[in-house]
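Here is the structure we will look at.
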Amino acid sequence: DMKVNTAQFMALYAWYSWPNVVLCFFGGFLIDRVFGIRLGTVIFSIFVCAGQVVFALGALFNTFWLMEVGRFIFGIGGESLAVAQNTYAVSWFKGKELNLVFGLQLSMARIGSTVNMNIMGWIYSRVQDLLGYAGPSTLGLALLIGGVTCLFSLSCALILAYLDRRAERLLCKEQGKTGEVIKLTDVKDFSLSLWLIFVICVCYYAAVFPFIGLGKVFFIEKFRFSPQEASAINSIVYIISAPMSPVFGLLVDKVGKNIIWVLCAVVTTLASHIMLAFTFWNPWIAM
């Protein structure tokens, strides 16, 4: 509808990611020393809501730079909100049960991604039928409707703040903290294994998320799928990870050997990408 090219489309992902290169490092500090977990969660949720609204308005008025601003605002809150979620988790759960809790968190996130991939097209079609035409206005209204989930997230943050405050009063427990004290000089003390984990995260994210962002177009162009089929197969990663994340979290809790699990995940992902790139096998196999 807005006649953007691939580079512009992927720039929307980049504008989300750039603020998190810095802000995630300070997210724990802001939660511990400035806002507190409850207020911090609400503030970051507000950034997410505001970013989605600005992004949708950019589409509504056919103003691409405004969409980029919206994604930047969304990014300011998005990953820092994940830090707040993890802080709540470690405040309420201890020991080995944390892997299961983190798996459930990831599962809920993947359910949201799956619903988004498969429902937003339908919402766009309904808005188009209502307005009688396609274009930036239709896209903007569809994005505003999708932004209702951000309002729901903000509502949950407010409810969680109330429940955590109530628990603090009844159980005489302290407000959750990350325990992070930022010292840039600590970087020199990072072990080799930690740096390798950083490398794995960077390379893995660089391989997976850009592919998912462009996956629909890839499946349409290479395998001649319809848009609906392409959306369905592109979301299969999230459909599988939604129920399996807590299962694997439980398995890691019981079995241990975290490095072996990481190695298996990396090798499996590499094999999947090789099949998609160099063969014409049914992509359902690789995905």
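First residue shown is number 1, and so on along the chain.
Using N, Cα and C of the backbone, Cβ positions are placed for all residues, glycine too.
Features as listed in TrEMBL:
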TRANSMEM  12-31  transmembrane segment
TRANSMEM  43-66  transmembrane segment
TRANSMEM  139-163  transmembrane segment
TRANSMEM  192-212  transmembrane segment
TRANSMEM  232-252  transmembrane segment
TRANSMEM  259-281  transmembrane segment
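Long-range Cβ contacts of the transmembrane segment (139-163) within its own chain (Cβ-Cβ under 8 Å, at least 6 residues beyond either end) map to 1-2, 38-39, 41-42, 45-46, 48-49, 52-53, 55-61, 88, 112, 116, 120, 123-124, 127, 131. Against the transmembrane segment (259-281), the recorded stretches 12-31, 43-66, 192-212, 232-252 differ in Cβ pairs under 8 Å, and the greatest number is found for 192-212.
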